[in-house]
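*Asks:* Take a look at what TrEMBL says about it:
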- 5-231: domain 'AMP-dependent synthetase/ligase' (DOMAIN)
- 56-78: transmembrane segment (TRANSMEM)
- 99-118: transmembrane segment (TRANSMEM)
- 282-357: domain 'AMP-binding enzyme C-terminal' (DOMAIN)
Amino acid sequence: MEEEEDQKLEQSDVCALPYSSGTTGSSKGVMLTHRNLIANLCSSLFSVPPEMQGQVTILGLMPFFHIYGITGICCAALRNKGRVVVLRRFEMRGFLQALIHHEVTFAPIVPPIMLAMVKSPIVDEFDLGGLKLRSVMTAAAPLAPELRAAFEEKFPGVEVQEAYGLTEHSCITLTHCDPRKGHRNAKKHSVGFILPNIEVKFIDPESGQSFSKNMPGELCVRSECVMQGYLKNKEETNQTVDQDGWLHTGDIGYIDDDGDVFIVDRIKELIKYKGFQVAPAELEAILLAHPSVVDAAVFALPDEEAGEIPAACVVKKSGVNETEEDIMRFIASNVASYKKVRVLRFLNSIPKSPSGKILRRLLKDSFNYIQQ
């Protein structure tokens with residue numbers, strides 16, 4: 001009897017240990033409890049219309065060791081009585097074959113996969129008339145407006161839903177559809193509405209002052225979904241979750257008058273050029289709009305005069321003749337002078353995490369190594 005008591009599980013017990021993406025620093029183990037995942041599931045499924053239960057075939061492409069795969073696909077699909085088609089890895093032909101053959105209706109993906117769907121010539125080998133796909137949900141990294149527009153043009157009738165979540169909050173934090181608003185979808189380029197049972201505020205990261213609507217600030221969340229803490233890292237835990245239980249996400253965003261939330265960029269990734277703040281996501285969106293660019297990443301490099309300068313790595317299409325200077329002039333023609341990319345280098349690929357986030361620290365390290 002005593003042995004059985006020892007094995008009894010509590011909601012406060014850790015049940016999952018996914019690791020943070022480590023895009024700007026070292027990856028950390030995130031301790032999530034049974035209660036964390038249950039709370040997130042209850043909140044996130046709030047947006048699913050009752051008539052959709054048991055009617056959705058989901059593509060299980062995201063890694064199941066990642067919070068997007070654990071909560072957003074595995075737990076949510078099972079609770080919603082959905083069917084999951086699991087792929088071992090992303091490969092364009094296998095991906096498209098699975099979508100068509102298994103009549104997938106909903107595909108949670110990330111922006112790099114959407115980029116491949118738009119720009120890969122392999123897509124043209126398939127009869128897209130056989131697609132039953134009704135919607136895709138993209139998360140884990142910012143979605144450029146130009147990429148979304150190109151996807152909607154190539155896959156007409158497929159709804160694009162942008163979502164927001166983070167490992168430290170058991171995944172989904174904002175929903176694309178709210179029954180309290182008649183199941184109205186969030187506005188284009190919004191990452192959704194605030195889920196039930198979740199508190200959200202936007203603050204000045206320096207002073208902690210809360211901002212009103214339409215004013216960009218650091219997004220902070222408080223709910224039963226907030227992690228127990230980082231594994232064996234109390235210092236980082238205390239820096240991320242304050243004494244009042246607010247989780248500081250490190251993301252800059254704002255909420256508008258209709259309750260739609262928009263994400264601007266990450267605090268640690270903002271480039272501080274001569275006192276101006278430059279968002280890498282804005283410059284990446286412009287780069288991806290160039291017809292010769294396949295992929296791109298923008299990040300800060302230290303500079304004695306300016307403090308930091310915008311630098312870019314670009315993957316260009318094979319066979320094109322554009323030089324680094326050509327691409328830099330293209331960006332300069334579309335932005336204010338302080339936002340211009342000052343250094344650009346061509347690469348064969350952009351390093352990314354399994355969830356599709358750009359590993360900017362690796363790009364910065366490679367630049368620093370070359371310059372030494």
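Cβ coordinates are placed from backbone N, Cα and C, and glycine is handled just like the others.
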*Asks:* Determine which residues of the chain contact the transmembrane segment (99-118) at the Cβ level, with the cut-off under 8 Å and only residues 6 or more beyond its ends counted.
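*Replies:* Beyond its ends, the transmembrane segment (99-118) has Cβ neighbours at 55-59, 61-62, 68, 72-73, 82, 85, 90, 92, 126-127, 130-144, 147-148, 150-151, 154-155, 288, 294-295, 352, 355-356.
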*Asks:* How do the residues of the domain 'AMP-binding enzyme C-terminal' (282-357) split into helix, strand and coil according to DSSP?
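*Replies:* So the counts come to 19 helix, 26 strand, 31 coil.
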*Asks:* Report the mean pLDDT of the predicted model across the domain 'AMP-binding enzyme C-terminal' (282-357), rounded to a whole number.
*Replies:* 90
